[in-house]
């Protein structure tokens, strides 16, 4: 019983350290927000000095000159199909890798892994010429199709790995009930994999939202630019105006934070649900 | 490979694999093969590529910039892989003992950097490190540590660690979340049994937690190693490989060769070597970091 | 995709219209051809700063008003963005008809060699552009078929002039007891010492990004060259041979290194970007800054800041000032038929017209086309100083060169090695030697 007191102290100090690190992690974002509300003159008074009043006009000039409305919708139009299609295809191929036999399974597995590792920069030039040949340059398809293909290896491996951990008797029981494999995938496996699917969705969302090389090269019309490109565009334009630049950065990351916080609930629910089994 | 009860004749199985594979072949595999071809050519991006065999690869061997880039990348792996791995595991074991809401709050916040576009983070950190009006040096100076208020990203010796620390910051929360999930996957009764047997915390960690977490360690290593060799956005926005190539990594070098110097063939060779490297390192991870039960895919 | 289809369609209708009218006069005058069918003109430019966008949008609107049937499809790209995608797009056949393109071997030279750009010489004659801009300026857009720079056909013409000169903060200098004006290079050195002695930073510098150190080095070095002896520098930049290892270059490099060692730049300049250093200079934190006229707009914020050419040492009558023009307007190979070419020509003509020059000047930018004498423009003091210098530099043929135009890799070579020079890891001789090695390798590869 005497051991409890030092244990509690240790636990509390660990907890304190943990919160300290957590705060350290988010301080940059707080500073970003603070700076975005300053005037250019405020900057020279120190990074932590508060501005006399919040300069919301930084956001106005970021929003008005930056065409962020267009960029925002473009990002949505690209991200939604990429994430959905990648998950569906990942489920199908993942299912195949986990349970089915087909020729060259091992080689195909290796080839998929290669695709996960080769950086986009390495094949962007051939990809550009391919898109041009298909007449898809300057279209949403130019951003969507390659990004689904690029997400596929990870989606497949991730889905296959989680499916292998599923209890086998559940599927056997379903099979004995006469269910087809498509039905088992849809009705048995997908519900069991919900937590994994939502984490996969989160990863894919982040990666697709943040991708900038694909839209930079394959799309050269301002009307198709996505959010991170907007930021890039901003950086070129406002390097000498830190407050407006930071306001632009806030505009780019605010939607991600919002989506993340909404998604996060499902994400954590999924994780805890998986853990309680 | 074990036969599954779900298996069926190949013809019926292909329906599951083909859609994904076709898309993948069209937009990733095909271009990669084309890039491999390009790596054997000299190409300025406009005229026809000239086939020159292995010349590009031979030049790489003696290219001091490329060697520098490889060395830098090896060092970066400490910051991309090892530090997040250890810190993430430590965090996970602390956070595991916290209660519901608090645990969720810390987890949500620590994971935050990982969801941000790294290009934006690079711009933010470039400013945090700024010697003239960046907060880091302001704090150092205000607490009397002006002597170590260095021009972080402009210093030959500190630029790479400074960039690396941002990567550590970026991946810590991510690793923690993965390990936390892993810890929650484990059966609490194992720990109770160990405790009942009088095992100390260190012993429990080394002999029970660590081996059981091997699948997670493997995932973390795979993802962070790939990320470290793919690293581009952070370095590009913070230092562009400078000063004097002290933060140059193969990907930045490839970008410079291709898009700045228009040597697409040579750039493709750098990319291919980088890819081979990733592949090798990952093979090593696959080979040697195996779950305790010896099972593999 | 839609845009491509639209382009092809309109090209086809335009061809039909031309066949129907089929007179040479019609073919020459785009406004007539345009009256038969609406014409699209895809244009890329790099005017992405706030003030520039306002001007270019006005100019495009004016052009469209004068050519009611023309639809200018303007795509705005940043400078880097443009360099990244232009060649790819044009060689793949899906790019602009009129574009801005950076001079030098890497972009304009490579594109001209591959036939991706069309010579502008017919339009130079037709519109008399030589009346508006000096020959030394237009020479920067010339390439021969076999890749010689500075002669041959002209592939571009620019809207804006650029001078790399000396910005100085009058207040900081007066506080340090410096008397103005600075007449000679020796005066400048003495002023730096005085400012340093007074405890302020003499020279604004940041080497983490952008090219302030390069401009300082080239600016000082070329201020020591008299316009009458410029042929050596011209030969060097235009790839006709010569050497970087001149006493002037080595001495300038040594001076830069000495300043770094003795703390004449900002504390921590290695970690400050060029743009940040400019911000600090505008905030009054340094006495001098060596950079280009493109910062005029930003410098307006501090009325103490003035602009002058880098002063020359005694004995040099007409010193060269580093400078030139912004990326040039050019017509790409995507202008397939004569009507499209002529439309492109007339667009460029308007962009370099005196009328456009007045618009640029009004917004505080330095036009490369001569301003009309009767133009009554309310110019900022800085721009007045800039315009006066531009005029005299043109009159004396004293506009120098950006060293990085001399080879496709020179900019990277200088950027990579400058930190080594400033930190004392490389001697000035070794530094200049590396530039020479880069240059020699380029000459050998041609």
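Glycine is treated like the rest: Cβ placed from N, Cα and C.
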Looking at B:1-20, B:21-40, which one does TrEMBL call transmembrane segment? B:21-40
Labelled transmembrane segment by TrEMBL, one stretch among B:45-65, B:108-128. Can you tell me which? B:108-128
Intrachain residues whose Cβ lies under 8 Å of the transmembrane segment (B:21-40), provided they are six or more past its termini: 49, 51-54, 56-57, 264-265, 268-269, 271-272
Stretch in B:74-96, B:158-180, B:264-285 most in contact with the transmembrane segment (B:108-128), if contact is a CB pair under 8 A: B:158-180
